[in-house]
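> First the structure, which I've put down as structure tokens, then a few questions once you've had a look.
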Amino acid sequence: QGLFLRLFYPCLPRAGAVEPLWIPRPEYCGGLADATLGRRWCSALLSIAIGSCRVPVSWNGPLKPHSSGYPLIIFSHGLGAFRTLYSSICTELASWGFVVAALEHRDHSAATTYFCTAQAGTEEWIPFQRVPQGQKEFYFRNKQVHQRAQECVRALRLFQGIAGGRTDQNILHQEWDLSVLKDSLDLTKVAVMGHSFGGVTAVLALVKEPSFRCAVALDAWMFPLENLLYSEVPKPVLFINTEKFQTPESVAKMKRLSSRNSQTRIVTLLGTVHEDQTDFAFLPGKLFSLIFGRRGTLDPHRALAITSRAALAFLQRHLKLQEEFGQWDELLEGVGDSVVPGAPLGPSRL
């Protein structure tokens with residue numbers, strides 16, 4: 001019944017700040033090796049290659065005061081990922097004045113995760129699970145996406161409780177006190193965001209929770225969402241797709257949503273592959289190719305800048321932010337040297 005998340009937020013600079021590990025514990029290398037490569041024996045190699053990488057942020061840094069409260073984004077990871085693998089986009093959004101709660105889902109879709117049992121100090125690990133033999137994938141993934149969306153809602157409830165003065169127990173012993181957020185969030189300005197499986201999770205979360213004002217779906221995997229729910233999605237969605245991942249069937253489902261809500265936008269980032277919207281895009285070329293086999297032609301820093309700016313323009317529009325993110329509105333219409341509206345669907349594009 002708990003939640004597991006990493007919180008990204010604007011903080012004050014301080015000398016000698018500690019940077020957190022990108023892969024928070026060795027067990028996650030084993031989970032990645034199994035979920036991504038199907039070879040758990042590669043765990044030690046992954047640990048050597050990426051186990052010492054750190055995220056360029058200040059760990060447990062002091063929250064930067066904000067007179068009117070920060071808008072909140074709940075972020076949902078993709079299949080076989082976990083809470084820290086989107087640190088680049090989450091850090092970028094936090095640097096522009098958002099509090100971003102990156103969840104780690106407990107539906108067996110994370111590479112691995114764990115929870116603490118009632119017995120103090122005892123951990124129980126939840127492994128990645130493939131579709132059981134003999135079971136149809138849609139029904140298995142549909143159950144997962146509903147659990148994931150409910151976890152997004154539960155995360156919002158956590159922050160609503162904090163804003164209301166409720167004290168929630170943090171089982172992980174941290175120096176950072178969640179209660180400092182009590183008067184620092186504007187919970188009238190809340191969005192949900194995610195990548196791949198997390199993208200469709202964000203869409204479903206709009207159905208489950210009226211407080212989510214909009215969703216940003218990065219290369220959403222639309223397959224697990226039942227058809228009956230398309231007419232129930234009440235708020236606008238920004239779909240930011242990569243060039244090499246989407247299928248005509250998936251884009252057709254996105255267009256069903258755009259036909260019902262004129263504020264929904266679908267854009268495609270040329271020269272990108274599915275993993276370019278994760279931190280893996282910043283791995284050295286040979287290491288990336290070893291894990292995924294291919295990479296996009298667009299520079300990952302350029303791809304991150306375009307993705308974040310399009311998201312910021314969309315969030316300003318639908319969260320009613322008093323910022324200057326509207327300068328990037330043209331990205332929402334697919335205007336730019338690397339962005340096109342909709343999705344290119346020629347055979348060479350898939």
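Just so it is clear, glycine is given a Cβ too, placed from its N, Cα and C backbone atoms.
In case it's useful when we look at the structure, here is the feature table from TrEMBL:
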- S196: active site, nucleophile (ACT_SITE)
- D219: active site, charge relay system (ACT_SITE)
- H274: active site, charge relay system (ACT_SITE)
> Going along the chain, which residues six or more apart from H274 (active site, charge relay system) have their CB under 8 A from its CB?
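Those within reach of H274 (active site, charge relay system), by Cβ under 8 Å and sequence separation of 6 or more, are S196, D219, T242, K244, F245.
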> Counting only other Cβ atoms and using a 10 Å cut-off, which of the active-site residues S196, D219 scores lowest?
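Fewest other Cβ atoms within 10 Å, among the active-site residues S196, D219, is found for S196.
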